[in-house]
Amino acid sequence: MASSSSTQLPWSAWHARLHHKLLANPDLLPAKASLLIAVSGGQDSMALLGLLIDLQRKHGWSLEVWHGDHNWHKQSATIATELKNWCESHNLSFCSDQAKPGQTNNEATARHWRYEQLTLHAERLSSNNPNHPCRYVLTGHTSSDRAETLLLNLARGTDLAGLSSMRQCRPISKDHPHKNVQLIRPLLGFSREDTALICSELGLPIWLDPANSNPDFSRNRVRQEVLPVLESLHPGCSLRMAALAERLNHHHADQQAIAMLALNNLSKQNGLCRKDLAQLPITARTTLLAYWLKRSGAPSLPAVQLEQISQSIAPGKPPGSLHLAQGWKVQWQRNSVQLEHHD
């Protein structure tokens, strides 16, 4: 990947803010790392790219830009071409993919397609330079995105993990975490208002995507209709919601660590000790059962089913079983709770 070069603007408070954040978290974007940056051309990803270009000389990164064309509107190919020309004028390596018709019909499939393509490109960069593998994929998500996600998940119905989603760092592939490619969101401490100012002050171009105004996408409606009302009632609420999501993320991580310790104590050769598990409050039993299923590789269950199992193994309840998806079955005997899997 080529190094970037641009006319250096004066060091700004925005540069200092991200720079100090990275110094305080040296493992987030290590010095001299190979970084693959997802850039749509919108203000958030362009603000991230502009800051990284200027900080590159201090951190020694290798930068490559990836652009995903969802093929949602007629201007998408033009945006891809103009962004490519801008990157090349700044000596930035650039690659892009265009989705096939029907491949990105909604927000979920579009997100899956993007992360799949980013994973493939990161693996390509690593195979081309095995001594300098690409293990970091960056996106321009901000605290505003995090607040939107919290509201959407809350409205749909979710658990603690859903409310604490959009972490600063996670494996990019939830299905294949062993691939060792991390998804990094360096701008979660910045708001959408911040990224607009960054682009303005650094003279960065912005490509407006008509899809961001499409009311068929639930996130757009939250962004354009819900959050403005909440901000007018309680200014700064987006930042507070994002901060709450971060605290919930830490709480969820703590809960997971404690649950793993508890499961180790409850584990026996043929499953979990039913007697000890049954002595716990039903909410604690339900939480431990969820982590036990996840650790065992079983499919996740809706809260209703988890509570059903938890109630069924309470003291005085008879033995029983419950068939799960994909050939899994939970059964509880007098002394144990067991998990079986048949292809």
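Using the three backbone atoms N, Cα and C, a Cβ is placed for every residue, glycine included.
Values in this document were obtained by computation on a predicted structure and should not be read as measured data.
Quick look at what Swiss-Prot lists:
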BINDING   Ser40, Gly41, Gly42, Gln43, Asp44, Ser45  ATP binding site
>> Test of understanding: give the count of other CB atoms lying within 10 angstroms of the CB of Ser45 (ATP binding site).
In response: 24
> Other residues with Cβ within 8 Å of the Cβ centroid of Ser40, Gly41, Gly42, Gln43, Asp44, Ser45 at the ATP site?
Replying inline: Val39, Met46, Ala47, Gly140, Thr195, Ile206, Trp207, Asp209
